């Protein structure tokens with residue numbers, strides 16, 4: 001369930017553009033007006049605003065925002081204003097420029113998007129960077145990380161609910177054998193995680209637990225400091241329990257010393273139109289604190305205001 005709220009009656013696109021133009025003119029910027037408009041428009045409406053703004057004023061709205069805003073608020077607004085596929089392409093490209101923890105961002109995009117959303121992100125990456133996402137990932141990664149991430153970002157999974165129980169039983173046994181032998185990056189382990197439908201993987205992992213007594217997550221904790229194993233655990237969680245994965249990302253982003261604004265911005269931006277309500281419910285269940293209250297405690301100013309709007313907070 002999404003947390004984004006769009007008014008029942010939305011002003012015309014030209015009116016939204018006019019108001020945004022006003023927010024940039026004169027002394028200072030009217031951040032509240034930007035939040036009121038962009039924070040309550042869905043992806044289709046935001047795309048239309050960008051298109052109409054460029055046609056009317058001969059300027060890219062993102063460039064206008066970039067000139068007027070700064071810091072975490074600017075990053076949040078600019079990411080939010082992007083089409084979801086463009087946003088994923090940008091996040092993925094940034095991830096290919098950094099190390100280790102950015103592998104998680106690539107995996108997150110590959111495993112929590114639908115088959116078509118991932119395809120659109122790859123197409124947006126082509127258009128924006130004049131190369132394929134696969135090229136970026138191949139250049140950025142080595143060893144086991146390369147072996148896992150490349151097929152994940154290249155995947156186009158079947159999305160039906162049909163499950164082959166015989167296959168689930170066979171592959172649960174296969175996974176158990178490989179993991180027992182610490183062959184975590186074995187071709188068969190990667191193949192199952194990178195190609196099977198989410199429903200099929202869920203059936204396989206349920207059988208794994210019933211047959212062998214442990215969640216696969218527990219068996220993948222042999223070495224808590226092993227970064228590849230951590231990525232493998234996150235991959236499983238993203239495919240089967242995305243809300244638990246995102247809850248943990250938010251918990252680590254908010255509860256550590258000093259907020260990880262990058263992770264907080266990314267999760268709120270990418271999930272507000274998808275399932276942030278489910279993630280927020282999981283956050284409250286796990287931490288006994290509403291997500292919006294945690295955001296208030298850890299952020300401030302216009303950045304905090306827009307995060308709260310996107311998280312569905314009602315005054």
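In case you wondered, yes, glycine gets a Cβ from its N, Cα and C as well.
In sequence order, 72, 259, 261, 264, 307 are the residues of the chain that are 6 or more apart from residue 299 (Ca(2+) 1 binding site) and have a CB within less than 8 Å of its CB. The annotation Ca(2+) 1 binding site is assigned in TrEMBL to 24, 26, 28, 68, 254, 256, 258, 296, 299, 304.
Under the heading Ca(2+) 3 binding site, TrEMBL lists 298. Sequence-distant neighbours of residue 298 (Ca(2+) 3 binding site) (same chain, 6+ residues apart, CB-CB distance under 8 A): 254, 259, 264.
Ranking the binding-site residues 28, 258 by other CB atoms within 10 A of the CB puts 258 at the bottom. Counting only same-chain residues at least 6 apart in sequence, those with a Cβ under 8 Å from the Cβ of residue 24 (Ca(2+) 1 binding site) are 64, 67, 68.
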